[in-house]
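A.B. asks: Grabbed the feature section from Swiss-Prot, which reads as follows:
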TOPO_DOM  1-37  topological domain 'Cytoplasmic'
TRANSMEM  38-58  transmembrane segment
CARBOHYD  N79  N-linked glycosylation site
TRANSMEM  124-144  transmembrane segment
TOPO_DOM  145-154  topological domain 'Cytoplasmic'
TRANSMEM  155-177  transmembrane segment
TOPO_DOM  178-182  topological domain 'Extracellular'
TRANSMEM  183-200  transmembrane segment
BINDING   I200, S201, E202, R203, V204, S205, T206, R207  ATP binding site
TOPO_DOM  201-213  topological domain 'Cytoplasmic'
TRANSMEM  214-234  transmembrane segment
TOPO_DOM  235-241  topological domain 'Extracellular'
TRANSMEM  242-262  transmembrane segment
TOPO_DOM  263-326  topological domain 'Cytoplasmic'
TRANSMEM  327-347  transmembrane segment
TOPO_DOM  348-356  topological domain 'Extracellular'
TRANSMEM  357-377  transmembrane segment
TOPO_DOM  378-385  topological domain 'Cytoplasmic'
TRANSMEM  386-406  transmembrane segment
TOPO_DOM  407-412  topological domain 'Extracellular'
TRANSMEM  413-433  transmembrane segment
TOPO_DOM  434-447  topological domain 'Cytoplasmic'
TRANSMEM  448-468  transmembrane segment
TOPO_DOM  469-473  topological domain 'Extracellular'
TRANSMEM  474-494  transmembrane segment
TOPO_DOM  495-521  topological domain 'Cytoplasmic'
Amino acid sequence: MADPISEPLLSHLTDDSGVNEKTRLEALTFDKIVEQSLSDFGFWQFFQISLVGLALLFDAQQIFITVYTDAYPTWHCLNHTICDPSASDICKLPRSAWEWDGGSQGKSVISEFGLECSSSLLRGMPSSAFYIGAIVGGFFLALIPDDSLGRKKLVLFSTFAMSITSISVIFSTNVWIYTFLKFIIGFSRSQTWSYALVLISERVSTRWRPRATMIPFTLFVLGFMSLSGIAFLAQDSSWRYLYLYTSVPAVFYCIFLYLFALESPRWLHMQGKDKEAIDVLTKMSPKEKAYLESVVSKLPLKQENFEQAPTYSIKDFFFRKWAFRRILVVMIIMFGLGISYYGVPLAARDIDVNIYLSETLNALVELPTFVITPILLERFNRRSSVLVNTLLGGASGVLCFVLSILGKTEIAFAFELGTFFCARIGFNLMAVFMVEMFPTCVRSSATMMFRQALVVGGACCPLIASIGRYIPSVSFAIFGIAMSGLGMFVLILPETKGLSLCDSMEEQEKRDQAVNTSHVC
């Protein structure tokens, strides 16, 4: 059998194939088979996307869980002669003069490990270890070749490792063990988002990709919101129970994922497993069963003649000029969006508004973006959507700074929400755009680097936000300028609207050359 990447899977169909005359006469590539069989979006496709997307729900819970487990607990005085809760410094009082509210010191990591008088660096060390683990894991896991395990197994292993480590956190006896386990959790889940996005995008047709990729993003936000409810119900319990309540369901989820989730048909095709790929398409689209049966009857079954496709990994981005240029530009844009997405909520304290209200509204404002993003993707091209969005977000950030200086707090806060809203829209747009720019063989690695740029941008946020302590709200101007300035690099990227996904680097190069020559999609 010839190279399965470029060779048409079926050159013609016989008269009894049940396919129309036009289809019988044209060469039928695997990409055409995927587009034809997944042209409709049924319940089973929605189920498969939601099943994989649930990994992001549990991922979100582990990202934000330290907001509750590592919180500084409230306390009250026992000896009012020497203790005044409104004026006393807890670290200057004898331990017998005060007590934690609820009478239990195990409600928080701070109280259980006696960190109430420790430095802010030590108290924040577990959270920092989590993000350091995410950065280290992102770079390390990006070195794994795309064809090593498969999309489904990568989602499964990352979620399972995160869940098991989260359960083991309850056995921590000191802050050092706890910090180490938080590092492992961050390392394990560092690429869960990337793995899930790639698996989902490769199991839908071009028509439905913009809407389908918004489902896991919505589940991510719901995971953050559900954590608040779980934490509220467990507020009188030890912080260890919160880890159990979020990680045990994730373990059961992994079992369902293993039993019911389907592998990416495009990845199976890249491995020469065409018959298995057709079986997956048949399960996902029962209405196209007759069409797919006609295809599978023509498949070559002798696997010994299959020529192994070349192995691709992150190094291919450096050996191909076009790939390196694209991934570099994508990372520049995502760095700017990452600074804004993670930094704007962090700097909200510089505006004279209720911090709890501002954080709640920042979370809620994300939900409409998952409805608006598909509309933008379907009606406008990718580059102009990203460009206009980042320019609007940048202008909103600068206006937030100016209005805050002028004392117009309420209007400034509205523009703060607008900046965060545009950052989230830009993130959603770039996620779909990036998937379409790279072939199946390196798509997972590209998504990892996309995610890493976002995380590195987020890691710079605390430093930028701290500037607001000296010049109030100036951080919003910096976030806005970064978003709009770096967002203009999108003009370098090729337009991908309406184009199907390629599988190999060679196929991507041929299509790009054809598009550049003919100027048509």
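Every residue, even glycine, has its Cβ placed from backbone N, Cα and C.
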A.B. asks: Beyond I200, S201, E202, R203, V204, S205, T206, R207, what residues of that chain have CB atoms within 8 A of the centre of the ATP site's CB atoms?
C.D. replies: L38, W208, R209, A212, L501
A.B. asks: Which listed range (38-58, 242-262, 448-468, 474-494) shows the maximal number of Cβ pairs under 8 Å with respect to the transmembrane segment (327-347)?
C.D. replies: 448-468
A.B. asks: Quick one: do the transmembrane segment (448-468) and the transmembrane segment (155-177) have at least 3 Cβ pairs under 8 Å, skipping pairs fewer than 6 apart in sequence?
C.D. replies: no
A.B. asks: What does the structure give for the C-alpha distance between S205 (ATP binding site) and N79 (N-linked glycosylation site)? Integer Å is fine.
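C.D. replies: Taking the Cα atoms only, S205 (ATP binding site) lies 69 Å from N79 (N-linked glycosylation site).
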A.B. asks: Let me check one thing: do the transmembrane segment (357-377) and the transmembrane segment (474-494) come into contact, meaning three or more Cβ pairs under 8 Å with sequence separation of at least 6?
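C.D. replies: Answer no: the transmembrane segment (357-377) and the transmembrane segment (474-494) share fewer than 3 Cβ pairs below 8 Å.
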A.B. asks: Using Cβ distances below 8 Å and needing 3 or more such pairs, separated by at least 6 in sequence, tell me whether the transmembrane segment (155-177) contacts the transmembrane segment (386-406).
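C.D. replies: No, the transmembrane segment (155-177) and the transmembrane segment (386-406) are not in contact.
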A.B. asks: Quick check for the class: what is the C-alpha distance, in angstrom and rounded, between T206 (ATP binding site) and N79 (N-linked glycosylation site)?
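C.D. replies: With distance taken Cα to Cα, N79 (N-linked glycosylation site) is 69 Å from T206 (ATP binding site).
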A.B. asks: Sequence-remote contacts (6 or more beyond its ends) of the transmembrane segment (242-262), Cβ cut-off under 8 Å?
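C.D. replies: Counting only partners 6 or more residues beyond its ends, the transmembrane segment (242-262) has Cβ contacts under 8 Å with 48, 51-52, 54-55, 58, 61-62, 65, 68-69, 152, 155-156, 159-160, 162-164, 166-167, 169-170, 203, 227, 230-231, 234, 280, 283-284.
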A.B. asks: I need to check the long-range neighbours of the transmembrane segment (124-144): which residues 6 or more away from its ends have a CB within less than 8 Å of a CB in the stretch?
C.D. replies: 63, 66, 70, 109, 175, 178-180, 182-191, 313-314, 445, 448-449, 451-452, 455-456, 458-459
A.B. asks: Ranked by the number of other Cβ atoms within 10 Å of their own Cβ, which of the binding-site residues I200, V204 ranks first?
C.D. replies: I200
A.B. asks: How about long-range neighbours of the topological domain 'Cytoplasmic' (378-385): same chain, 6 or more residues beyond its ends, C-beta under 8 Å?
C.D. replies: 210, 429, 432-433, 436, 490-491, 493, 495-497
